[in-house]
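For 19-26, 81-85, 136-139, the entry in Swiss-Prot reads GTP binding site. The feature Mg(2+) binding site is assigned by Swiss-Prot to Thr26, with sequence analysis given as support. According to Swiss-Prot, the domain 'tr-type G' annotation covers 10-206. Residues or ranges marked as region 'G1' by Swiss-Prot on the basis of similarity to another entry: 19-26. What Swiss-Prot lists as region 'G2' is 60-64, and the listing cites similarity to another entry. Sequence annotations record features per position, and here Swiss-Prot assigns region 'G3' to 81-84 based on similarity to another entry. The region 'G4' annotation in Swiss-Prot covers 136-139.
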Amino acid sequence: MARAKFLREKLHVNVGTIGHVDHGKTTLTAALTKIGAERFGGEFKAYDAIDAAPEEKARGITISTAHVEYESAVRHYAHVDCPGHADYVKNMITGAAQMDGAILVCSAADGPMPQTREHILLSRQVGVPHIVVFLNKADMVDDAELLELVEMEVRELLSKYDFPGDDTPIIHGSARLALEGDQSDIGVPAILKLVEALDTFIPDPTRDVDRPFLMPVEDVFSISGRGTVVTGRIERGIIKVGDEIEIVGIRDTQKTTVTGVEMFRKLLDQGQAGDNAGLLLRGTKRDDVERGQVLCKPGSIKPHTEFEAEVYVLSKDEGGRHTPFFKGYRPQFYFRTTDITGACQLPEGVEMVMPGDNVKMVVTLINPVAMDEGLRFAIREGGRTVGAGVVAKIIK
């Protein structure tokens, strides 16, 4: 094994299984780890080990998620699988497990079911960029025409939610047979075909460091003789001394120049995604900047007040509300580092939202916030989290 350490690390990609209950998501997850371990490295995780997913907390919400890993010839995959439908909803909305792509598992015997549709819709809303399909339980369908029909239905469903249905790779197979080591077309070879589809159809993810610079403002200090220092954790990109930046959100956008980058009281030439840094800003006064704004590459992000969101409302057991809320509900929306009050408009025909529901809503904030589609937020009442959401579409 000594020579393994000379190999350059494989590119890391995050994926997960989605689809209707009992269509075989967990069996497929087990098969991927088994065949990955046999061919490319990693370790086999049995069905029972994956199914007993531990509970974890993301933004105060308890979610059961199984995390497994497997490799292909060129990539290292981190894969999430959830035991229950509610866990998927929470996982996707909170972004607890960000996916670069998803594997939609659909039973060839049953065809698309309500959760198949809901998971595709959620993927669209929360910004899962790519989906590949595994048509499972193909051993239970003798009729080739029936298989084709199910495949057509799945493609139509994907197209309906703006995924490229016609171009999506759809692999027919049986996760159970593959786990048993079956070498027919729908056994082990189908899993290898699926991994190949992941390798080719899901593009290499852009690393945070390669995206335009953005840092949420956590604190602002004025240092006599030096000017104003803004601290925060750099969310993406790289910032160098001398770079021009914008201060966006809450008030009118301002431009300034970074004259110093500090980490742990040391001066640096640059800071990058993941760093906790202090940025010295030229000519900016202490009162010009406040928590809740962001520093960013000029023109890369705009302030907005109105957007469509996909929201999960915490149940009473999760510490959420005990009662439903109605249209005109005005909680605080916690974006990055600050709470901003906003009004909720519910979809037509929805009178109220119960704790434990997920719902699409239009939110109007009282102050503008720097946002992109895909930005996560918490919904709070007096500092207590009562929901989680994601910006699905910016309106203005």
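Please read every residue number as a count from 1 along the shown chain.
Glycine is no exception: its Cβ is also placed from the backbone N, Cα and C atoms.
Thr26 (Mg(2+) binding site) sits 16 Å from Ala138 (GTP binding site), counting Cα to Cα.
DSSP assigns Asp22 (GTP binding site) to coil in the three-state reduction, placing it in neither a helix nor a strand. Each of the binding-site residues Lys25, His85 was assessed for Cβ neighbours inside 10 Å, and the highest tally belongs to Lys25. Residues near Cys82 (GTP binding site) in space but far in sequence (CB under 8 A, at least 6 apart, same chain), listed by position: Gly16, Ala53, Ile63, Ser64, Thr65, Ala66, Tyr88, Asn91.
The Cβ of Asp22 (GTP binding site) lies under 8 Å from the Cβ of Ser107, each of which sits 6+ residues away along the same chain. Summarising the environment of Ala138 (GTP binding site), the number of other Cβ atoms within 10 Å of its Cβ, over all protein chains shown, is 23. Counting other CB atoms no more than 10 Å from each candidate's CB, the binding-site residues Gly19, Thr26 peak at Gly19.
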